[in-house]
């Protein structure tokens, strides 16, 4: 609109046009006088032409290319007649291109085409005079042109209606012709033809010819569109009526089906036994449902809610198997060892057989991965004759996953607890909450806090799910939780759990588990008969010792499965073979080179001690290296040690310094010596105080320049005065040392009570030496001190005690 308004006002002055101007070739654009147009300029010569124009008289000659594909046009590639334009604005872009706003001034024909010294094309010009006498004939042609253009605008939806108003106000025939031509939706060849007509009257006659042709075409298009529209409307009308009839029939049928569904829900509600509160809530929702249209969104929400309430096992329980002998038999069939777990289940059954009603225990199985925590829970369910459900709590961060979403939310549903109860089909299943030490929390709530109500026997008989909004009794459920470590379990949740610890398996236990459970199961899964797959004496022990290094039996299961696959392949390739025997000498053929070497190097070394650590994946041995060098009495600690372990190292160094006279260490050495303590496997975080005596021993060894016996491992916290304090996880640490070929273990005397948990077959092969002071540790690992005459040994195992 603003552009056309500008066209309608004549300029008071015409800029003086020189004989030579910079040439700006454009693509796919025909520019007429009095026409304002934005241009994007990117070619080098065109950019230089514009810059030259802006630095002189702001005039440039714009002509259209015949072929838009040509990058560097020659005289034969452009039309002879173009438009002299004034550059109104120019803007440099960050990518080096230009944006310009130009206005056409006059038609002209180029006469000379050459490259200037500044790198742009310049042309000589012949400017045309377009003055026309005011005659009645010219006025008639102008009126006819305006009338045809108004008709054209009405037929062409791509041109705004208000254009015709602006055009009707133009009095100059040349200006009128150019304005109408610029708005015609025609080919560029036709637009160029109009541009080349210098006489305004001839130009208007050409435009009248084009408008008549275009109007005829537009009328034909409109008739075709009307005919097609009428046909479509007829088809759509028939389709609409057909669909409406189908909808009416479907509605009548749906009403029958909806009524049938409603009757089914009513009948189910009458038959289902549930607490009075749940019954009242269901009746209330049923009354609301009866008053609603069957297909309304709210009706669907209520129907889903009622289905959830009616499907829950409110008073449906399985009958417990109270035969203790049968229960023990089932537990022994599925698992080797794990006596504490089995005893706890049998105790529960024994009490249940007397009192009939007992609150379900909340057990927590703590132990390394792969030791049977989840699988024993399944066996517990089987021994009790109960249904079994399991949900994994690892990574759960939303409280709504426990308590459910309120019904105000779209797509809401009960939490995992109620969902699992429905899945179990009884209100007294064995319910395992796996990996509760890996529960997260964020802005959506704290799931561990939501579990407090679930796992508290004093509260869970009125567990309220947000979706149901009625209490459900969970007191009959036997909850079993599992975790690898207690560190990440909140104190309030931990207080509600009855702990049962699972320890690492010994090699003997692993062999029994493999022979009785893993091998038969893998043979069945791989389609092998027992006579086709034979383990020779000692082969299974080598697999356990040299191909696995774990607390549980998961890797052992994988290695046995690997052997089964190799045996199946061998039997299938060689049909004559009846069986394959796995022997110690051919294990490398099937499993490759042994991954682990149990026997440690027997060479003693200065400043290298073996500590023992307990992690969530079981016990581990910990090599501690200490070196000294000239310096200023500083202690460097590396190996990704935690704050507690760093403080333990500092305490150990203080003890060694304070005992320098007793240990025969030069006291002056500490003032000019730096100590570097390193624990290998630097990428693995390490923390805890139980490496204190190992750190002190390694530091003393370096200061005394005497080696430490390599077959000794030790664990215990050390004080500044050398006392050895108790630690946790002794069984796991001892089993780890046993796996690594350690023969002597020093442990705090206050931990002697924990020896009863260590298997007899392990104790018999180890020297377990309780210590209460660092003097005893150093005398056993480096050399005996004359003043220390009472070294204590465990007398539990005859000749193995010292």
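Yeah, the Cβs are placed from backbone N, Cα and C, and that goes for glycine too.
Here's what Swiss-Prot has on this protein:
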type: DOMAIN; residues: 21-215; note: domain 'Lon N-terminal'
type: BINDING; residues: 367, 368, 369, 370, 371, 372, 373, 374; note: ATP binding site
type: DOMAIN; residues: 603-784; note: domain 'Lon proteolytic'
type: ACT_SITE; residues: 690; note: active site
type: ACT_SITE; residues: 733; note: active site
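One residue stands out among the recorded positions 373, 733 for having the most other Cβ atoms within 10 Å of its Cβ: 733. In the structure as shown, the Cβ atom of residue 371 (ATP binding site) sits within 10 Å of 25 other Cβ atoms.
Sequence-distant contacts of residue 372 (ATP binding site), defined by Cβ-Cβ distance under 8 angstroms and a gap of at least six in the same chain, are 335, 338, 502, 552, 553.
Cα of residue 374 (ATP binding site) to Cα of residue 733 (active site): a distance of 23 Å. Per-residue confidence over the domain 'Lon N-terminal' (21-215) averages out at a pLDDT of 88. Measuring Cα to Cα from residue 690 (active site), none of the binding-site residues 369, 371, 373 fall within 10 Å. A Cβ within 8 Å of the Cβ centre of 367, 368, 369, 370, 371, 372, 373, 374, the residues given for ATP, is found for these other residues of the same chain: 365, 482, 484, 502, 551, 552. When the alpha carbons of residue 368 (ATP binding site) and residue 733 (active site) are compared, the span between them is 12 angstrom. The sparsest Cβ neighbourhood within 10 Å, among the listed binding-site residues (367, 368, 369, 370), is found at 369. For residue 374 (ATP binding site), the Cβ neighbour count at a 10 Å cut-off comes to 16, with all displayed protein chains included.
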